[in-house]
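Report on the structure given below.
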Amino acid sequence: MKYRHSTLFFSNIYIILPAVFALTSAVFLLASGCLGSWLSLRDSTFLQGLFVYLLVVAFCLESTASALAYFHSIKLDSEIAPLSEVFQKYTGSSQDPNSRAVDSTQEELQCCGVHDYRDWLKTSWFNHTGGLCVPHSCCNSTFPSCNGTVNQPWQLNQQGCHVKLEVTLQFVLSFIIWCSLLVFLVEVVLILTVTQLMSDQPFMEHQVWDKT
């Protein structure tokens, strides 16, 4: 779902922070990977230390992302509370951000209404348009002739958007949590390996020149 549309359905924008931290950690992991490839060609204690530092930063970012993802996953129902309000403000205009968000969500998630298509019967838009049809974005894609009429409810998407949106967000948050755990295990192995290499590397002998 497009970010500019989905943010209207959240009680606050902080729900996107897990994704932000996860993407930032991915950048650090990419930098670590490039540095690790360079390390295979050069024997440098400084580069090894920098490699470990980048891994530690990435680990901190991943830990934050997974913690925030878990926090939001247990309160998703309250996070998407504004969903009903957005549907009530629907006007059907392509210039209206609420209407674009609703149509985009119903088309992408293949849902209709907050809980089902009957939610549209309670909106002011439905009454103003004659009380015969729901938005065309409610139509099930398997029925090309669907025009949104409530007299043919079998042609409409049966599930509401609240459930579909909650399931989608739950999947994304769970994906962040499990990926962070997997990457953490890989980072631990890499850090232990580099630490062992650094400990096996003999210290450089520095010769002190006395000035006469």
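Cβ coordinates are placed from backbone N, Cα and C, and glycine is handled just like the others.
Annotated transmembrane segment per TrEMBL: 12-38 (among others), in sequence order.
Summarising the annotation, TrEMBL assigns transmembrane segment to 50-71 (among others).
Counting only same-chain residues at least 6 apart in sequence, those with a Cβ under 8 Å from the Cβ of Cys111 (disulfide bond) are Thr105, Asn157, Gln159, Gly160, Cys161, Val163, Lys164, Leu165. For Cys111-Cys146 (among others), the entry in TrEMBL reads disulfide bond.
Feature annotation from TrEMBL assigns disulfide bond to Cys112-Cys133 (among others). Counting only same-chain residues at least 6 apart in sequence, those with a Cβ under 8 Å from the Cβ of Cys112 (disulfide bond) are Gln106, Trp120, Val134, Ser137, Cys138, Leu156, Asn157, Gln158, Gln159, Gly160, Cys161.
Feature annotation from TrEMBL assigns transmembrane segment to 171-194 (among others).
The list of residues near the transmembrane segment (171-194) in space but at least 6 beyond its ends in sequence, with Cβ under 8 angstroms from a Cβ of it, reads 18-19, 22, 25, 29, 36, 48, 51-52, 55-56, 58-59, 62-63, 65-66, 69-70, 72-73, 76. The Cβ of Cys146 (disulfide bond) has His136, Cys139, Asn140, Gln152, Gln155, Leu156 as same-chain neighbours under 8 Å, each 6 or more residues away in sequence. Listed in sequence order, the residues of the same chain lying 6 or more apart from Cys133 (disulfide bond) and placing their CB within less than 8 Å of its CB are Asn147, Gly148, Thr149, Val150.
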